[in-house]
Amino acid sequence: VHLTPEEKALVIGLWAKVNVKEYGGEALGRLLVVYPWTQRFFEHFGDLSSASAIMNNPKVKAHGEKVFTSFGDGLKHLEDLKGAFAELSELHCDKLHVDPENFRLLGNVLVCVLARHFGKEFSPEAQAAYQKVVAGVANALAHKYH
């Protein structure tokens with residue numbers, strides 16, 4: 001992903017303030033509520049019968065935290081996202097058979113969650129930078145599919 005120094009500073013600076021546990025659970029929960037067909041990958045998580053059940057499901061929260069932790073780790077490798085996400089790409093492609101479009105959807109949900117929590121601090125410039133990053137991460141995660 002090519003970011004200007006200003007964009008990189010916005011992304012890294014804002015991510016340092018992210019509550020990975022809370023926001024990660026919220027993002028994965030929102031993905032499952034907004035795009036219900038994604039639930040088929042998480043049927044073993046128990047009750048996904050309603051928005052409330054999903055948003056309060058401890059397994060959804062825990063996996064969301066894991067997703068955000070991986071995303072944060074990826075931010076340390078913006079110049080080589082494909083390398084940073086190679087193992088996860090392989091796992092999601094070969095073992096889990098996740099539709100790579102879901103990575104793009106989750107990236108957009110991640111941006112929504114950041115906007116919700118950071119309000120005015122999540123400026124149009126910050127959003128533009130994050131959109132570049134989530135597109136790059138989605139592309140890296142889909143790499144094994146090509």
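Just so it is clear, glycine is given a Cβ too, placed from its N, Cα and C backbone atoms.
Quick look at what Swiss-Prot annotates:
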| type | residues | note |
| --- | --- | --- |
| BINDING | HIS63, HIS92 | heme b binding site |
| DOMAIN | 2-146 | domain 'Globin' |
| MOD_RES | VAL1 | N-acetylvaline |
| MOD_RES | LYS59 | N6-acetyllysine |
| MOD_RES | LYS82 | N6-acetyllysine |
| MOD_RES | CYS93 | S-nitrosocysteine |
| MOD_RES | LYS144 | N6-acetyllysine |
Inset, instruction - For LYS59 (N6-acetyllysine) and LYS82 (N6-acetyllysine), determine the Cα separation and express it in whole Å. - result: 27
Legend entry - Inter-residue Cα distance where the pair is HIS63 (heme b binding site) and LYS82 (N6-acetyllysine), in Å: 21
Legend entry - DSSP residue counts for the domain 'Globin' (2-146), split into helix, strand and coil: 121 helix, 0 strand, 24 coil
Inset, instruction - Note the mean pLDDT of the domain 'Globin' (2-146), expressed as a whole number. - result: 88
Inset, instruction - Between the Cα atoms of HIS63 (heme b binding site) and the residue listed as 'N-acetylvaline', find the distance and write it as a whole number of Å. - result: 25
